[in-house]
């Protein structure tokens, strides 16, 4: 990697963040595209966020990525938000456009780009969970022309989830159906008519649990996706594949959301195939 007086910085900002594989992805991309840049991980306290954002301008950085807990906290310090960032209410990428700081959320775009030969326009989706990743997938699906979305959460989370879905409807005119995960017959009915089933919960990270009962029957044409990438094959994906359904883990989402950010910063396409090969060797 070339480092000199002209090298521009990018960083991922969160707490904790030292475990992040974003530096691996972006530094490979800088090198492969002959871009004079370097990408680092900054683990900061909340009290340092304002100064961190100021440093984007001060050091003429490409910009930053953000992870928890700063995706929402950063918004007041930005000059402008993209459509999807405004809908989601969270930012994962800040772009420095000649001193103007613009907030984007590339998670949803990254998710849909990682699905092989699939477009969400006119399709039906069942989504498990309503956290940060789920919100980004929801908003992007609406922007991309999805025809129906059924969101399933635990009954104790229904009250907390509804205000965000109401806000989405106010802003887009699109009504999302909210259902309790405990109602298995309703879950089965919604999955049966869906084109895409997504686990956007953390259930399965232990390598043992699954967010849905194993007696659920999947339609033959259903594509199944999990936002988790460690383990590489969750019990949820294993179960879907055992029924003969195509299934995709979360590593592609991580790569393609990074590729979206990289293009916003540099104007260049990330060599995703080359980096995907390196990632699968590292995590499979």
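All positions are counted from 1 along the displayed chain.
Keep in mind that glycine also has a Cβ here, set from the backbone N, Cα and C atoms.
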Record-annotated NADP(+) site (Swiss-Prot): member among 64, 102, 227, 275 besides 83, 129, 130, 131, 132, 133, 250: 227
Shikimate site partner of 20, 21, 22, 67, 107, 229 (as recorded in Swiss-Prot), chosen from 36, 92, 215: 92
Tertiary neighbours of residue 250 (NADP(+) binding site) (same chain, Cβ under 8 Å, six or more apart): 225, 226, 227, 228, 229
Fewest other Cβ within 10 angstroms of its own Cβ, chosen from the binding-site residues 129, 131: 131
Cα-to-Cα gap, residue 107 (shikimate binding site) vs residue 133 (NADP(+) binding site), nearest whole Å: 7
Candidates 20, 22, 71, namely the recorded positions, that fall within 10 Å of residue 132 (NADP(+) binding site) by Cα distance: 71
Among 21, 227, the one of these binding-site residues whose Cβ has the fewest neighbouring Cβ atoms within 10 Å: 21
